[in-house]
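Beneath this line is the structure, given in structure tokens, with notes to follow.
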């Protein structure tokens, strides 16, 4: 049914928290998600020719924000945000798109979907993709077939993308419970909604990149501010002078055991 | 490459440049960014493939638009005084030394807007089966439309 | 937004069809003696054929057309579902009208109720069709106060042009209808121009609001998640260059408004076989013009998901 479930106090809102500070853009989450869902209720997620342009539930973008040294390169995984007021559910003409009352997960029933694509038009986040091979719409299931699966050991009952992230940049939990690990993380780090002006009230939150450490906090004198580029240039200048005067280069000199090897290594590396 | 450095060379996104090392040179498209040292250029490793490699289609973008830095990097260091050439690899791990190559950047002429070098496509090794047009790893069980429609792209080009 | 031909055909044909049926219903209520059986059946046939062709065409857009019947179930929340229900319901008065004219050479009182019901049925279905687009927050060019009026006006205008042509082919005098065409045409033109003016400018959503990274400065896409296109980019990433859109707008103005209005005026003044010829030409021209108009309605629409793929505002 495409009527949204009526909200009630203490309602479970399962979702993800994505840490943009620690994400390294490895795409492991995207690949693991694709593999997990290649079989099962949403499968197969067919790709065409050699282009891998089939359905992927999770995609990792990379953005640049700002200019020069203050700019940030941010890796940005994008998948369904399991919104509280998802228009993708209300526009569906068949009821194939629905939001579960018990945990808030938004799903597509691939057996009743007619593939009209209207839900993908309604989603601002591109969470839903049309599977050309299957003729139906598919999307992130929050691994509903994994998180409740009693055939798996408890520690494995989490979404594939969360389990696989090598940087621990993805967190799963109940964002409707203010005492859950994910809710505390959101409160601590200032987790935010994407495109809040759309009014869909996404449940997934994104943690902003932390401020960069300046030169002052890198161990130098507080009054001295410099950039790493300045440092590299100064070191290069020092080396030039060293070569001209025959003094030792700035690389640390080792004495005793291994010193000869280090000097050889230094020579080879200095070419 | 760094956007400010690119501007100094009169380059914008998509322009082709010659990347010349002591060993060789390649011609590649440029993409500018903020978050890189102004004196460093970089690319993703191994995205480029020789045409026909990996059983990819002959016109796959990996072969048409991809490129490899490998051609600019010599496997051997320049000769020692006695003529011996050390391997150009990390002395501890033996891994190929990638990150210490100095290159010169020059904007390529207008007529030269394609990757270089380019090699003839590899033929498929004998016995290797043809690549499937649709990659489908299925669970089975559900009644599927592709049992009736083997090539969804052919069917869909007719209707829209 | 990718302009799918099946959807363009669906909205234009069903708009024209319901417009035609609505004019017929009005006419049969206002001037019942004016209509005879051949005229009535021809008009109803054209109307029903157009709306049926439209509905049929819309199923071509589906991934699983064999399940299309399921689309009637969610009328509580979905405009697409409501449109399906309304379209099917509209067959009732249209069908009854056709039946009345088949059974009786002049149905008289029997045709009054179906004709009366035809009007809200046509209006409701057209409204639901327009609301499918106008209800989407993600496409600002559709979520616009001119979208619904445009659908109404274009349906009424193309329907009226068709009605005038059919009347002339049956040798009827059509001053009232021609004047209606000119008035509705002028209003439709005004609405279309107002719509095009209202979609100028940038959207409120930006790459910064989509990613939440605006605090660091301007947000640029550095690397897309995939080197090749995907469904999202094919469907929502389609966009047309301003100068191409401008050319097509001029074509639309000429084919949908300029030529048909001029030809209607000629028909009004000339009469005779020239009028018949002009009226048919007007229909053909408007048919081509409305297809261009609807194509532009899609091609000029931007979806906010493009903000994740490099668009600065949408």
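Cβ from N, Cα, C; glycine included.
The transmembrane segment feature in TrEMBL is assigned to C:7-31 (among others). Residues 40, 43-44, 46-55, 57-58, 61, 87, 90, 93-94, 97, 111-112, 114-116, 118-119, 122-123, 125-126, 129, 151, 154-160, 162-163, 177, 180, 287, 290-291, 294-295, 298 of the same chain sit 6 or more residues outside the transmembrane segment (C:7-31) yet have a Cβ under 8 Å from a Cβ within it.
Among residues of the same chain six or more beyond the transmembrane segment (C:43-63), those with a C-beta under 8 A of the stretch's C-beta atoms are 4, 6-7, 9-18, 20-21, 24, 87, 90-91, 94-95, 97-98, 101, 162-163, 166. The transmembrane segment annotation in TrEMBL covers C:43-63 (among others).
Positions annotated as transmembrane segment by TrEMBL: C:84-104 (among others).
Feature annotation from TrEMBL assigns transmembrane segment to C:110-136 (among others).
Sequence annotations record features per position, and here TrEMBL assigns transmembrane segment to C:148-170 (among others).
Taken from TrEMBL, the feature transmembrane segment applies to C:176-195 (among others). Long-range Cβ contacts of the transmembrane segment (C:176-195) within its own chain (Cβ-Cβ under 8 Å, at least 6 residues beyond either end) map to 23, 27, 144, 146-147, 149-150, 153-154, 156-157, 160-161, 163-164, 167, 252-253, 257, 260-261, 264-265, 267-268, 293.
The feature transmembrane segment is assigned by TrEMBL to C:251-268 (among others).
According to TrEMBL, the feature transmembrane segment maps to C:274-292 (among others). If one looks beyond the transmembrane segment (C:274-292) by at least 6 residues along the same chain, the residues whose Cβ comes under 8 Å of a Cβ in the stretch are 8-9, 12, 15-16, 154, 157-158, 161-162, 164-165, 168-169, 174, 248, 251-252, 254-257, 259-260, 263-264, 266-268.
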Near the transmembrane segment (C:110-136), which same-chain residues lie under 8 Å Cβ to Cβ, leaving out any that are not at least 6 residues past its ends?
11, 14-15, 18-19, 21-22, 24-26, 28-29, 32, 79-80, 82-83, 86-87, 89-90, 92-94, 96-97, 100-101, 104, 142-144, 147-148, 150-152, 155, 297
